[in-house]
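Structure first, commentary second.
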């Protein structure tokens, strides 16, 4: 049985009844089709498609259209070919639509004629297509031609990067046993439709849904909701959201009427309510809680769930179900609507469980605190709850797994799937007395102030406050809990905070609250978290800078904050003053409230105040006041304080800094002409060291490079040097608040890491740091250069953490920077396809070079010629002469270049690797190909030279070694994909790298395993080998796993010396200079950590 057969069988009985109505909401009569007209239009389309499509494989047809009267007939027409329909939303970002079409390898797309110009303009830059000369009524058929099977998109790159392991993460182990019976999507008529997940929690997944998977949903809901030909069902979901399939086919397979309205009407609550419940008398509504909330509590109570409503069935799903308290407040007196909680995931399309709220609970005056259970499995569905070890959970907390014999879908590149496959949902639940209660998604479980918190709890408590119409909570930048409120009345924030304090534990109280007119929602009807984050960013930016006009005003406002946060008695006339000797902890404060007070004071003063937290926790109100006065009102202190401010988003940016000009510092070293050479030493990921004219610098310093791999250093510059004691940490530097710090993990051995400083970039930092050591007026100085997804490149002083300059580029930055041969320029790639050349002492833009796609590859400098080499996702490698501001040569490498080029001095070769799996050796002077080898799978890892060999990691889990003439010497097999680049030891005897199997590996130069160390997550970053300077024979290795842990190992044995956890994911690679480790983090910060040995006061 198929979906179309289900409709055909029903339609034959109800040919003259209304099947579909489309109401544009313009006070004109709706357009309606009977079942007879529906089938006739579908049949005409299917004949047209059969005549003009030559599939030659899996039959899938894209459908690019807006909701309209023809929508059901178009879907039926495609299904009757038979083929699967693949909906494409014209309002989606073109990059997402392109990714979807490419990933599905769609050969045909039906485009609604009204959307033709939009389709062409959105996709002409990345697609080659020919329009079939024959058109069909309101549709045009496009045949797509994908060049060489490749279209480079940002999403595609992200998907390639993670697809290998993601599928294994989501399919349970027992599903992969060979004896299982399989479902094969290549069988004729197997597939019904193809969708993609939203991508809000990662890379969008392609989900191909068989008829056998979705049919049980249709059959069960028809029975559960008791659907008849008298019912009217509303198409609330967009085609790209799989609940739309249930809405369409439950209606059309029952002889009922399907009501469709334009997308523009769905965002107008009053008009939508009028159309649904006055004009058409809708009887069955399946929607997300967010869509329902948009009506507002008054409209819900008076119309949607009134005593006389037409609505028989309300099924809420796709998000956490509202609390019973809220639900009961929405119901008008005498309402009899049946209300269901339905739950499911797109990967097991569409719904998995249902629970009807008992009438006696809805009518009860007793307040129910417990959440609503998920209920029973739907027809053919199996639900399991497992702990982190995969064992069944009968009581307690675990993750939901969903499946069933035929309830299986094909994810991404899967062609066959074992029947009964169970998919991990990422949703956590509690099992109590045999019932399952939803807790939240994995990403809604956060660790805050050292305690586990489900942010859904905050939303539930806030929503139950009488002043709150609706609300949402976000974990902004993984560091601030923000409550967004749509209010019924004018609100005073302090009143809400006081109410929340009565019902929430201290660690669950929001950091901030924003009042908004309405909650933004996605096209799927869910709360749009990314839009909320933008609203909060705008809210922060719009806050006026607080300028205190004297110490008296500070004292008054400090009194107000003190009383407000401690919930002291209200004083309308402000006559009750807080005694000056009051101590915060003795007055009802705690460590969490002290954090809020600190945040409010820093917002009041517009700057961070070193040492204030300790004063709040240990001293009197007067001491707090005096500490602030000293920091804010003394010019010297104010100047010092601004230099170390990390909370930049709460203060106005310096105009010079925003323009990329140097802020607060003179030039880092003399501003030479482009042709003149500064003496510099540059360190970058993988222990790569570049020494450029550094003889004078090294002589001045009386020292040399850290022990590390020197393959980029001209032999004339390599020397054996003494160690350097690092500068002592600046006593004025203040550690950031504890809840934002990384924390050393218990059990660290003989070594520790301590935060020296951190610098806020505004968004995730995936690039790796470049450290440049130079002499400024005969005084050595080291600068960290790094870019972030905030579009900015920062130059930061290594010792103090002081920002030397910031420069805003045109888009996100994932590329790591390199230094020019003269030392005067920093070169970095950008998502907008440009390569930027910036002056190293000021950040001023010196030159930009344009490629045809994103540049994520990190540039490399040729120390002999000064040429800059870089790869682009436009599949070309480029050689740039930055002094002449010209491209010397470019070469098509037959695949996008994500990894960084590698320069070999002997022989003089340039090595490049592509996502198409090619490793190329090029002539650096001309760009001609010396040789190329196919590695079979994408190469994200960057090539690395040592002795007479070159090695590189591959996503098939292999570390490959070649000679400089291109002969493969050996292949080492890791247990998972390798994205990490190799790091070579100082003696060039060992090679270190990480793998997605969660291990750090050490191989001999001959490709034999020396040791491997298991971390707690995937190892994406490149390790860094260095020496423990007080004991120069103590060789160490620093590496990072994606869960934010930094690992310091003994490089000869793999023995753990220390581990430290950052408060965010890490894809940046560490770089170590002397005893300071620098790395970027996805919590928006660059971190510098001191390596401490034995006695914590002695640095490594």
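A Cβ is built for glycine as well, from the same backbone N, Cα and C atoms used for every other residue.
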Of 643-671, 672-700, 701-729, 730-758, the range Swiss-Prot labels region 'Disordered': 643-671
Helix, strand or coil at residue 197 (ATP binding site) [DSSP, three-state]: coil
Among 205, 441, the most crowded of the binding-site residues [Cβ within 10 Å]: 205
Close in space, distant in sequence - residue 197 (ATP binding site), Cβ under 8 Å, 6 or more apart: 204, 205, 207, 346, 347
Mapped DSSP class for residue 205 (ATP binding site), helix or strand or coil: coil
